[in-house]
Ligand SMILES: Nc1nc2c(ncn2[C@@H]2O[C@H](COP(=O)(O)OP(=O)(O)OP(=O)(O)O)[C@@H](O)[C@H]2O)c(=O)[nH]1
Ligand SMILES: [Mg+2]
């Protein structure tokens, strides 16, 4: 429990993890959140059944002796340093950290921010504040402190010394969620690669705490005697990790090649592709389920989706396209993850149209849009035509809708939950998809019904009449289909 004195000390800097303030609706499950007969609902059941078994997923399997921070985040205290922006921004940032912590399976006991020009070089928060937080940690019985940023190995170590519990940063927390949610071989490899990259520069610090554990200075150990072997071990570990990193890179590259081949074969058929991207929990998977009957996992959790799901969909005028749901983005997405997931994210960069889904009911939708644009830039997807789709209008007040409409004039407004606006979105997708370029006027004999069907599927039929000799079509098709139709030119009508 926090004592009144502690609370007074921290009054300037305190943000309570106010669950109610968060826009996430945890009480009323949607139709898709309920177990049903879809692959997604099975995945959801499995995910909840397997919830949080001691965070083993972040343990190193083959570098056994490294003291890796096994994230057993059970009861946590959140700490942020607020350097810029308003108090409300600082509060939102910690609310998001709380949501991340809960997604990782921990219980948030307390949350604090400290106002500073920049984080303290030694202990992230100032040393005075660190002592105050130590008392609160002790009083609440927390086992972990999570800091809202990426800390240096030195900061993590020093803070741990003061607080006497495990200290992890936001990056490690996000990596842990990814590790819990990865299911495919590729996803698992990508997460492991990101974790290794995160660990590599932090090995020295852990070596230190290892020797502390092995006796420590107080117990008469440590110092000159233990430093030598410790350093050697770190070198060995580093080498092992580096070789594991190269192996993972090779594996991931191999899997990416397979996917590119699939994509190229889609390209050859000139099936346009639409990618769904956006902030985590914006409703990307829900939209995929609305537009197709994909039945993918929908969950009120951050980073529920890691693996891209590709589904075929059809425009209102009958053209086929592919729709890809992919991993969500977040403010300050760890660069290790962006690097590791680059091949997956290339799906987005290679698409013909990007549906950028925004959670309109979030307190800061424009901030989410900016964060997504940062990542899109990073993966060279900023030149893909983008359609902003504001989701969750059912959960927005009229006032908020009006305000946001002004900021986002070209957006489409939908609710993936109620289906509102989905038909309008289908129309916009049809209009925005690239149109096949070649104009043809053909008379296809009746024994080539397959060609007529392809024109309907892949092209745009402008006119269709049934003549005695066959089907007469006026259509827009792509070059490949046009060459197949070449033997059947429509006779020029007699005048
Ligand atoms: N009120 C409301 N909730 C929605 C709507 N669309 C989705 N949700 C809820 O928002 C939560 C997240 O939905 P998902 O479709 O899993 O979101 P996502 O963008 O795929 O999330 P990640 O894969 O975790 O990045 C779920 O609890 C959905 O039920 C909507 O239109 N209105
Ligand atoms: Mg999803």
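Cβ atoms are placed via backbone N, Cα and C, with glycine included.
A quick note: this is a predicted structure, and the numbers were derived from the prediction, not measured.
Listed in TrEMBL:
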REGION    1-41  region 'Disordered'
COMPBIAS  9-25  compositional bias 'Basic and acidic residues'
REGION    216-238  region 'Disordered'
COMPBIAS  217-228  compositional bias 'Gly residues'
BINDING   278-285, 303-307, 325-328, 391-394, 415-417  GTP binding site
BINDING   285, 305  Mg(2+) binding site
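Structural mapping of features recorded in TrEMBL.
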residue : record              : CB count, 10 Å
278     : GTP binding site    : 25
281     : GTP binding site    : 25
284     : GTP binding site    : 31
285     : Mg(2+) binding site : 26
304     : GTP binding site    : 23
305     : Mg(2+) binding site : 25
307     : GTP binding site    : 19
327     : GTP binding site    : 26
392     : GTP binding site    : 25
415     : GTP binding site    : 22
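Reported as a whole number, the C-alpha separation between residue 284 (GTP binding site) and residue 305 (Mg(2+) binding site) equals 9 Å. A Cβ distance below 6 Å to any atom of ligand 2 is met, among the binding-site residues 281, 284, 285, 307, 327, by 284, 285.
Classification of residue 304 (GTP binding site) by DSSP places it in coil, neither helical nor stranded. In terms of Cα spacing, the binding-site residues 307, 392, 415 all stay beyond 10 Å of residue 285 (Mg(2+) binding site).
According to its DSSP assignment, residue 284 (GTP binding site) is helical.
Residues 281, 284, 415, taken from the binding-site residues 281, 284, 307, 415, are distinguished by a CB atom under 6 angstroms from ligand 1.
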